[in-house]
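Taken from Swiss-Prot as is:
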BINDING   H168, H172, H200  Zn(2+) binding site
Amino acid sequence: MTCTLRDLNSLLEICCRCPAHNPSTAFAPTTKVRVSSDVRGIFALPVQKDHKPYNGLSPEHLETMKAVSLMLDAAGPKLEDGISKAKELLEERINPELMRDALGIYLTHSKDAQQRKIFPPPLKNHPFFSTKTRRPANVAGEICTADTLHGHALLSYWRDDYDLNDSHYYWHMVYRGAGGDNSKNVGDFDRHGEVFLYVHSQMVARYETESLCWSLPLVRPWNQYDDFLENGYAPISSLIEHYGGYPPFSTWYSIRNPDMPDTLNVTIPRARLEEWRDNIYAAIRKGQFETTSKDKPLVLTRDNCLNFVGGILDAQYPSLNKLLGGCSLDEERYGNLHNYGLGKFAEMAYRNKPGEKSPYGLTISNFGAPRDPCFWRWYKHLQYYGRLAATRYPQDITAHRAEVVLSNLVVRLQDRSSPHYLDGHITTFLGPPAVNFMESKAKLGHEPYEWNVQVKSCRRSPPSKENPQTLTLRLFIAAEDLMNDYHSWIEMDRATVQLTDESAITKVRLDTDSSVARKMGNYGEPDPRYASAVFRHGWPQNLMLPVGKVEGMPFVAFCIATDDGIPDPAPAPPFHHYHDPRGMGYPFNRAWTQLTEDSTGKASIRTIISNAELYPFITSTTFKIYRTTKFETKQIIQPTTVTWFNTIRGYFKDADRACMRSEYGYDLYNYDHVMLHADAILDATASKRMPLQMGKYTQDNPDPEHPLWTVKMCENFRAWLLNGCPKGTDPA
């Protein structure tokens, strides 16, 4: 089913209702649109009892949501047009959860939104979050230790991490799938199916490594659909009102939860999913997927296998079919396994209670699904499809070797005074969680670290300034116990290097430089250089390292040099082309011919990456991660001398004050007003939306007499905010 605007009226009946309702719970009709405040207001709207439940995994609900996003886009060329239409639809009782999804897509991919730097608000703007502070709670929850919790509950601190869930929430705004025609709402994504497999496989690798740090077993994949969940799950107290839990030994219902209404395509029988599962496995083993043209199957190759396998799991048929030259994949045969599978888990927690706002379990929610332990069993199962394809289509890891010799790889703390600096080990810590951001048990972090490696060219024609040598360094880590499993390697960074002479260089990368990490601090704290939404779905900085062990847990670091360069990702649309020419997660994305063709039985990943003579473009080293505990997270953010009176007040011009008083009713010369709205001010100035330029001047061509804030000004304001907004002494 492909939705058009003509179909919208009938689809809206699924997720909205238009009876008499309390007007105070929605936007009042208005002719004036205040873009930033209206966007924040829409994302903060709670679901009311008279809203029809929204299931983000149901094809009908998804088509409605995508049609709403199209309506916002069709309302006019300016953001004001789309936001005005959103407010109109909310008056007609569109479910706010549906509108958040639709508006998030619209803002992420709208040219006007990108030019004006208006992005979807962070997760903390969701109505479930009652506070706006970025700072951890003063009264912390219990620190997580192995003798207080057992099994998957031990990892609740990791699953409930705010930054993990915020990252996942943004990922789904950028990458949309589930049967809709992406070319009609956000455009086609290059290698979208491969992205789907890679991202979720990396999530599983990180989660399993975290489990190993606590001596827990690896995740058991949900390969058998009549399996059961030994442990029950209940969302944290602030979510239990909104999403259901399930008791121990729960399993999928064979038909549907008997408490659920018999609504078409909200859930389907287990046997249908088993049929899709087996058909996809069979297609990978056979090396081809069936199409509607019996004599034109889609033949898998080394280059396309992961993209098509991932795309079919995620039901990205409209986009995939465009690659087939006139025929279509057999959707009846392969189905929509990913989303209906999550729906079967959500169905286990269904609550048939009058006025229930969201009767399903957390797996229907993009912002909260990783909190549920069943999420990880499901994605471990989906990883197996990638494993099967990766084994069937191996690769020669020398094919893209850079003509260099790598040596002296080191991963270590940045602090030279640390007792672990000379040993080349790293320290993590468990500190108090931000309970007001729905974290539980602890907050994982790490001391600042760096990695460096020596690079020397061995190219036949030596590099020079006139003829430089460009290459990419790719860094991974794995728990030493898991290093012989391709899919347990965690990607840490990719960096392009240019050599201009024969002498060896040492490439140094800080943890915050990582190309796979989010470019922001904890709790969505914006970085002025990376305010665009496209940078917000990387891996959280605080979770880049596994927690390790108190006595130190051994890890292996690996670096490979490939003969390519990776351009910086575009900060604004069009960003639909994946910028790395190699496979995602290369070289661990597929099996190695160096292993599959080995006849001695002695080859392994361990022996290959330690063989510098045969593979000089590869190097590795070992290090340990030591786990510590911090019972207090109070930090002093530099510079500490910034106060309201000596710095911040002077940042606001008379024109800024007049604009804010007119548009939003608060006074930028008033300390209390600025302190109350400091988060929004930092976000707007860091992303260059403010100070607002008038007349012939624009945000890209600002008035020299009324310039945008510099990076230093943003950093000072950030430090002032995080240090508690010190007032200082009035010089008057």
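Glycine residues also receive a Cβ, built from the backbone N, Cα and C atoms like all the rest.
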Including all protein chains displayed, how many Cβ atoms other than that of H200 (Zn(2+) binding site) lie within 10 Å of its Cβ? 23
Going along the chain, which residues six or more apart from H172 (Zn(2+) binding site) have their CB under 8 A from its CB? D101, N366
For the recorded Zn(2+) site formed by H168, H172, H200, name the remaining residues of the chain with Cβ within 8 Å of the site's Cβ center, in chain order. W171, Y175, V199, M203, N366, A369, P370
Which residues in the same chain, at least 6 apart in sequence, have a Cβ under 8 Å from the Cβ of H168 (Zn(2+) binding site)? N366, F367, A369, P370, H537
